[in-house]
Amino acid sequence: MLGLCGQRLPAAWVLLLLPFLPLLLLAAPAPHRASYKPVIVVHGLFDSSYSFRHLLEYINETHPGTVVTVLDLFDGRESLRPLWEQVQGFREAVVPIMAKAPQGVHLICYSQGGLVCRALLSVMDDHNVDSFISLSSPQMGQYGDTDYLKWLFPTSMRSNLYRICYSPWGQEFSICNYWHDPHHDDLYLNASSFLALINGERDHPNATVWRKNFLRVGHLVLIGGPDDGVITPWQSSFFGFYDANETVLEMEEQLVYLRDSFGLKTLLARGAIVRCPMAGISHTAWHSNRTLYETCIEPWLS
């Protein structure tokens, strides 16, 4: 009898515990789900948030649950506003997003938006950006005859556009804020109210602080390619640019790198710079190309 009773004890305990089963299930740890950092997207020249519907779809599909904010500021022609004005507007928009994400955020910034984002990382001493993904952005400036320029300045060519862009009036247009004429470097350094400052090419009181702020970033992901058709030279997306003979010098040959004026050399030394060149993609297709997303963007959205 004792043996039989001993065999029945486990069943008896199960019966006693049955009323408490719902409570036990509630107390059990939930299955682990990946929690992704919020993503902030900044558009480019003449763009709007609608242009990024495919990118939004890709992120939602591969990283479900990710909070993605495509900032709807300075759309269309408003994107011609001076870049410092845009930086201030975008700063006001990203501060509350970052405040709600103590684990950090990711930035995906397209074309002109990549320069806006780099300036944001420079002026914000409390940003928490993990990956700054610069998507086909003229990080070292622009020197090319594009349809945008022909529409805005129909009587000018790239060889004489410096006469407009390096004037106080010209600096009121965003395009001129990063116009970089390699044949008039002295004028660029003196007149550029934006690019020469965030590059640390011209002395200013905030240079040291801006460099320190920029170095808070976790990863700098640079994306571009030879078939872009707009960014000129296309290597500007990787901090390369023309010398006075219009020979492209790569990032490591640029003075801003050699002097580490805003932190590029430091970032590369710590393995924080990722370069992802891709051929066969035109400028307006970067944010909708699925292969590009899977290869160059998705791996950095932790």
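Positions of Cβ are set from backbone N, Cα and C atoms, glycine also.
Between C276 and the candidates C176, C296, Swiss-Prot records a disulfide bond only with C296.
Distance noted between the C-alpha atoms of C165 (disulfide bond) and S111 (active site, nucleophile) is 19 Å. Rounded to a whole number, the distance between the Cα atoms of H283 (active site) and D228 (active site) is 5 Å. The disulfide-bonded residues in question are C109, C296, and the one with the fewest Cβ neighbours inside 10 Å is C296. It is N245, among the recorded positions N60, S111, N190, N206, N245, whose Cβ has the fewest other Cβ atoms within 10 Å in the structure shown.
In the three-state DSSP scheme, N190 (N-linked glycosylation site) is classed as helix.
C117 (disulfide bond) is 17 Å away from C176 (disulfide bond) when you measure Cα to Cα.
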